[in-house]
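The structure appears right after this line, and notes come after that.
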Number of protein chains: 2
Amino acid sequence: MSYRVLSSDLAEHSGAEIRLAGWVHRRRVLARVTFLIVRDRAGLAQVVVPAGVAVSPEESVVEVTGTVVANSAAPGGFEVAYKAIEVLAEAEAPPVELFRPELEAGLPALLDHAAVSLRHPSRQAVFRAGAAAVAAFRATLDGLGFTEVFTPKIVGSATESGANVFALDYFGRPAYLAQSPQFYKQTMVGVFERVYEVGPVFRAEPHDTSRHLATYTSLDAELGFIRDHRDVMEVLTRVIRAMVEATGLSGVQVPPVFPVLHFSEALERCGADPGEPDLAPEHERALGAWALEEHGSDFVYVEGYPMAKRPFYTHPQPSDPRWSNSFDLLFRGMELVTGGQRRHRYADYVTALGRDTAGLDGYLEAFRHGMPPHGGFAIGLERFLARLTGAANVRETTLFPRDLHRLAP
Amino acid sequence: MSYRVLSSDLAEHSGAEIRLAGWVHRRRVLARVTFLIVRDRAGLAQVVVPAGVAVSPEESVVEVTGTVVANSAAPGGFEVAYKAIEVLAEAEAPPVELFRPELEAGLPALLDHAAVSLRHPSRQAVFRAGAAAVAAFRATLDGLGFTEVFTPKIVGSATESGANVFALDYFGRPAYLAQSPQFYKQTMVGVFERVYEVGPVFRAEPHDTSRHLATYTSLDAELGFIRDHRDVMEVLTRVIRAMVEATGLSGVQVPPVFPVLHFSEALERCGADPGEPDLAPEHERALGAWALEEHGSDFVYVEGYPMAKRPFYTHPQPSDPRWSNSFDLLFRGMELVTGGQRRHRYADYVTALGRDTAGLDGYLEAFRHGMPPHGGFAIGLERFLARLTGAANVRETTLFPRDLHRLAP
């Protein structure tokens, strides 16, 4: 049997008889010839089939044997002159037309028929970019001495935040799906100093918006022996730069160092009331415009958010404990990543939590027995992809999204 | 401030003043000197402290400033002569003694105090080997043109196998935790041809044994355009070889090609009844011994398991459809990995499932619209680590295990 060649490699086999395998992306039956476009994992290839030879309908899976010939009009400059076609699976007409350059179906139809619509080259490209970004996340952190960990997604108490947790029946007992690996990644700093985890997180978000999902892929990192949150930001900047580069998307302004504003400066720059507890969306947009204009950066850090708006494990700003050593990273004026320095002294946790430590014994044990100054961040993969690609809805950058209404496919 | 140097890098800084940061692994107070062993993410280093200087108790987090000096009696041949110690966090006495070469606590105590017990070098080593094995799994498959995917862990129906699913309350509707990414990884073969996923799977196993967990990390791969399951086995062999090598464990017999026996041959070789539907543990042990003796291999494939014992998506053996194109990979006589070729024709699924297709619409849509011959495998990370390291209990190779009784820490 002749050797399988991918569509991208035809040029290397000019003149040879090869085997092409893939899906019937498109067939154009003319009077004297049929043009068959085969789609494989590397792209598209044109096969020239004599009139009278039956070609299976779109999305059928075929193996074509033929000779590679140069043709400047074909994609990639080469095409395959038909010798034989074997049909591996005959397909019914697809629910969305995949051969068109742009998918013409609406989002609900694309999601309902994900098994087919994801085959479109434009949809594939989004998730290939995502896989490349995750690989870059890992490679950057591996290079910095981080260890990958796998922590539990089923937890015994809904302590990280009482709201928006999914409850399940755990052998007759109540249990919950983890909203983040926060407590575990901090605990693991006590073991490996620097850890990361790529995994699902679960949020019972009762919001039906373009940016809320019930579960998404969180890229979490945490590192010990930092001076403060600025060390975390330095690692995050490296990670983001590598991830953006890996996606291959052009036009993103990603300088070696991102501008930083303190929360109080950010409010002032936006002309907001200095007592505001948070940045409004229009403030974030204004900061994004400032970063691009003044620093040529699509990214800007805001550090020092008020302690009152941050979770109990957040480390206060030593010079003024109304503020925190936490930060948001904005991309084009929208929040992309949250992170910061965490408390590390056991006594600080005791003070912060008071008597409210039910379910936190395992977590607090790490601090009781010595934890270094540490901090970290979490990147939502689907949100990152949506922001980078300019997708209007985070469901467009999720293979099989789960939300208030959607549990299938 | 002087530069932080890891314990493993002292030799490169001989004579220099450096900063060492880590945990007080052990302090030995003698009459004229105190030996302080500092543990950081790279290992252990000895610090020589003059008598009279207070040293914090074990597990406290410290930064030591001092000069690197050669001492053939010190670990690595170098030690640090004390200049100053800063205590970053003072620790209470740990619940298990971490400074001993072997942890002396029983498994329940180790698991109850995971936040501390995992700090022991022997425990760290297990999970570093695991992280290295996962990296090797990905690197091998990346090199073969696979794409990483992230598929949903919450599903709308318990269709893959009715038993042992965790049910949850999904915004007032019933939903389930995915027992495997099987249906999704097959669907994704229709998009990317070759995919892998590393993620949690959930099994409501009501068994209280040394090998059952309620959730574990599954390393899943699936590839299209195969001839049969032998192509899957070839990829798995490459993956396993890379994973074993990455763990750095010695003494594993892992030849370039693993021996293969058909299920019917395996029964015959064990002297079992040819009508047996499965291999008993003693049969598997006998096959393991045979593979080592005859082929110098700790691994052996058994292919062709009876269709009656395999899930509905299993592809039958074309020459005799009582058997299947599926396989188990045994390691030292115990099942390590299961895999096989799957059905790919829509009509075959219709026949296999009959009317029982509730909840499978999204999955079946992939086959209706053209799927290539394909197959794959799944490796349980914790089981792989347990078998490779000879751990008696899979809980020893899980950071925070979940079972019938354990939901914390």
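Positions of Cβ are set from backbone N, Cα and C atoms, glycine also.
Annotations in TrEMBL come from automatic prediction, not curation.
As recorded in TrEMBL:
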| type | residues | note |
| --- | --- | --- |
| BINDING | B:Glu160, B:Arg203, B:Thr338, B:Arg342 | L-aspartate binding site |
| BINDING | B:Arg203, B:Ala204, B:Glu205, B:Arg211, B:His212, B:Leu213, B:Glu335, B:Gly380, B:Leu381, B:Glu382, B:Arg383 | ATP binding site |
| DOMAIN | B:137-409 | domain 'Aminoacyl-transfer RNA synthetases class-II family profile' |
| REGION | B:182-185 | region 'Aspartate' |
| SITE | B:Pro75 | site 'Important for tRNA non-discrimination' |
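What TrEMBL annotates, mapped onto the structure for a quick look.
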residue: B:Pro75; record: site 'Important for tRNA non-discrimination'; Cβ within 10 Å: 15
residue: B:Arg203; record: L-aspartate binding site; Cβ within 10 Å: 19
residue: B:Glu205; record: ATP binding site; Cβ within 10 Å: 17
residue: B:His212; record: ATP binding site; Cβ within 10 Å: 15
residue: B:Glu335; record: ATP binding site; Cβ within 10 Å: 15
residue: B:Thr338; record: L-aspartate binding site; Cβ within 10 Å: 16
residue: B:Arg342; record: L-aspartate binding site; Cβ within 10 Å: 29
residue: B:Leu381; record: ATP binding site; Cβ within 10 Å: 21
residue: B:Arg383; record: ATP binding site; Cβ within 10 Å: 23
For chain A, which of the recorded positions B:Pro75, B:His212, B:Arg342, B:Leu381, B:Arg383 fall under 8 Å by Cβ?
B:Leu381
Have a look at the recorded positions B:Pro75, B:Glu335, B:Arg383 and say which one has the shortest Cα distance to B:Arg203 (L-aspartate binding site).
B:Arg383
Residue counts in helix (H, G, I), strand (E, B) and coil for the region 'Aspartate' (B:182-185), per DSSP?
4 helix, 0 strand, 0 coil
Between the Cα atoms of B:His212 (ATP binding site) and B:Thr338 (L-aspartate binding site), what distance do you get, rounded to the nearest Å?
16
By Cα-Cα distance, the member of recorded positions B:Pro75, B:Thr338, B:Arg342 nearest B:Leu381 (ATP binding site):
B:Thr338
Can you tell me which of the binding-site residues B:Glu205, B:Glu335, B:Thr338, B:Arg342 is spatially closest to B:Pro75 (site 'Important for tRNA non-discrimination')? Compare CA atoms only.
B:Glu335
I need the CA-to-CA distance for B:Arg342 (L-aspartate binding site) versus B:Glu335 (ATP binding site), whole Å please.
20
At the level of the C-alpha atoms, what whole-angstrom distance separates B:Arg383 (ATP binding site) and B:Thr338 (L-aspartate binding site)?
12
Can you tell me how far the Cα of B:Thr338 (L-aspartate binding site) sits from the Cα of B:Glu205 (ATP binding site), in Å?
18
